[in-house]
């Protein structure tokens, strides 16, 4: 039975949830495919996550390996292939708790960086799982700055081998997934030395464990790096190499090669590597960031109409906590952001597909823009979503803090996305570098990509809106964002210029502007996100109810952003204090309006109870019953703790049993 | 050996670290006492936290009980008493991982709410640990709103007993610490019924487990609520009561009593209860919030001078990450906040002590102010510090995400402080209610507490500062904060008034203003924190070096607050856009200046390596060595995972061992 407080929320939906779901999926046939995949996975007990919150790191690793191995069988059984329509839903359906993701990166890196001969040798072995691969790039002392990697690979002409070494502790490979306990092989990135000269970082295939008994190969020290904030199911590992020899053929040599006499030869373009990083950054946004954010919103919003606390009006029943303005103000902007990011992800995919088409025609012109966009949006979306999930967790009070709510694990996982695949601040500064370059080019009349032509149009001005209703016009707020973003880019460019002209060295000047550069990059991405949301709503051809609510979410996302970053809009007077009051009024009005559709809006994300794995967020809203049932399964309730016999009994050595 | 990159940071300190430590402690004798306590605790292997990051919930609970029992012995052995100077350092020294804190609340609630007879019976039993007490207030369905509790206690005249029941699942007691597995007794809060009438929530002493074998008493269902985001060492519990009978004498009856004939009699004032909550809120700020924040700053700042990454100048060695402006901008404001909150804690303690003196003289006049302050500052300090610890964690990149950094556990613990002892938003609204009341009183010339007289002085105006250096004047920025806080309070009061005058009902109007009311309350507390920091620096009589650096930290805290909340300062033109640029310039300049003393400033917090329990934060800066050593101890490296035999071996059924 559905909790009546939750049931009533669904009766008053102003649109068809089923139609919204189909539209979000990109069509009904996609919804059907997705649901079929989810159902097949969830029906299979091997993929169960029922005990996940009670498992140790060892148990979660074991389950992840079991699932990964079983998935191969399952795919075969179901007729799912890597190129089929089901594939993109599988990872989502297993909810990420699966091993051997790095095995896929291993395969991808050989496919991209390996010669045809290397591909012919290694890819079949890998795809048939005759080995388990990993990808050993990051070191204890080096993450983002790849040029600084310290592992060495010295070519020995006499044996035609590379000798790999970890010269010091900071050079130890550290963090690679699947490497701590699973992998038999890995791609090691090392500084290549041949004929006494260093040629920079190159990739080498290295076997690290025996295929017979999984023991470590000679010269290899490897293990698990221990507990983390989450990702207990992944065996992130460490690796030390001591005079480990690999044949000359094990250096991935599509783009450069060491010849038998030790001569280093570079061939072809490596620009495509650039593109691989871009791909990864864009591909993680959906599954690792937006889906978890949508789950957190679903849990927190459903719970907030079941939970009643205190009274809004004296004498009445206690109120649903979602009826409090402060609770709406916590949750509804996060819901709007989940939609905004879903749409910006579509935008990035399209940009990427267009770029990929060009690249296949050997046109690398769009690469800088693609790189700047993937970097900036990765940073914006991961940071924003991490805060959003934290807000959802805290908005559920004490029960949000229980692991059984599902929110702690969503949070401790999503926060990692701010760090992996490029630390966010560094990524924002890469976007900023692109923006400054484009701003300078545009200012001198040179051509720039269409997405940044607005940078040339900086001019002082004032927002024309005259009352709070006018701030519900996408033209008004998109213009405000555009003005703000271009002002931040141009003023930072000016500061940079001033510093250099006053004699500060270029790199020092850059460093002294980085706080503002990062802010400008974020502003740019925020602007594009708002603009894209507005355009998506504009183009939307579907039932009126969906159009109306999407328009409101877009307004909310935009006005929330102005309300929470008021300073950058007020700074030059583009928005006046009086206008900010109108924005605030419109923003708060919107909360009360959207609140009515809050539950249908999260229902449309179409998560099954199993995929939410939350005692607070299930479709039926039986929150308290479920918390109680799940708690009873905890290992802490399985038997009397040995602490009783050891410590409590001696303490309570009373003769009476009752006081 | 100390890492040379860290060692050099200490050689250039602009002040005496030892003197700063003594000043923070409140005098050298306190430093000596604190160090003696810490040393005694850390030397004792029972209190070791060496394996904490590898332990399961069961193991952490067991360790916490062991420590709690051992602590009694230790205190006796060392001659430490609950009233001695050592006592306040014990909890900090064991770093919170200890059981039976609720036993202390059990004792406190009987001492405050019990009659002399009840105190005489129960307190000796409790202090001699002949029972283990807990405090069962919160229910599955009710936290903050105590009036809504659903547990019932019906007086039965025939047997002179109360019959306690959990009428529905949402009435189950949920969350009380020490109750899931340890407690033998608890104070249950229940709706009292006698002679067919309900008299509201009252406390009853209930035995829940046998003192002979720890089995549950008849009618009792109890257990552990399962895994949480942290606090695995605490057995937060659930409790259901089914016709549980306790004698009439078990209702705590200092203030009200049920007489043998069932007549309910209220006696004396209950105002003092109010004060108990205030006490708890103030007392948790130091140990649960400020100390963890200081630890996070210590870890992140020490690591940031050991970690080198990328180059600031081409051709040079890789730079310490703390030399990047963006890293300074992440960490140094958090360091300044740690100092600011240390001082505001002193301020609150003083306010509290003064109030307590009055209350002992039966003068309850200061209670509303004390309550408003304890609520608002609890909310401000916990929320700010939670964000700060998150920033510290993310600023350490991947290694910050490793449990071995110590940062994940600091974070997952401190975030709970935003929820327990009053959810922050609700607390801020209580502060807001007080501020609105004072604002109205002050506006009509009535007397208000000195801390809020400024509310009457709202007038339009402009900040007089003319260049960036003038923004380093405490008068200038304190005035700006004051102006901003009073504007937010007065404008929200006006909105509230307007709504009511336009016919909106009072409670609806209040709800429609709560987002802004919470903002105003936060602004007030922020203002007082800045003002108090400036006054502390002003009064400071110590060596010039300490005065200088404290002044800078105060400036940084203040300017960071303006920079990050620019909107509320720009809104009415009190600060102009041009002035905001000056503030930004001064703020960024300060970062570079304070950066030089960053390590000495965290060294002054005087944490031992054992208390930090961080591979990244140790005094010697041997970051990479320690990460490696600690990782090897992980249970994930203790033996080959059963996953190999079960899943990997069948997969890799090759005949060759090497490819």
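Every residue number used here counts from 1 along the chain in the order it is shown.
Yeah, the Cβs are placed from backbone N, Cα and C, and that goes for glycine too.
Lifted from TrEMBL, the feature list:
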type     : residues     : note
DOMAIN   : B:16-132     : domain 'Acyl-coenzyme A oxidase N-terminal'
BINDING  : B:138, B:177 : FAD binding site
DOMAIN   : B:274-436    : domain 'Acyl-CoA oxidase C-alpha1'
ACT_SITE : B:421        : active site, proton acceptor
DOMAIN   : B:474-652    : domain 'Acyl-CoA oxidase C-terminal'
PLDDT averaged over every residue in the domain 'Acyl-coenzyme A oxidase N-terminal' (B:16-132): 95
Residues that sit under 8 angstroms from residue B:177 (FAD binding site) by C-beta distance, when 6+ apart in the chain: B:101, B:102, B:134, B:135, B:234, B:235, B:236, B:237
Secondary structure content of the domain 'Acyl-coenzyme A oxidase N-terminal' (B:16-132), with strand meaning DSSP E or B: 85 helix, 0 strand, 32 coil
Spatial neighbours, same chain, of residue B:421 (active site, proton acceptor) - Cβ under 8 Å, 6+ residues apart: B:277, B:280, B:281, B:284, B:378
Neighbourhood of residue B:138 (FAD binding site), C-beta criterion under 8 angstroms, separation at least six: B:173, B:174, B:175, B:176
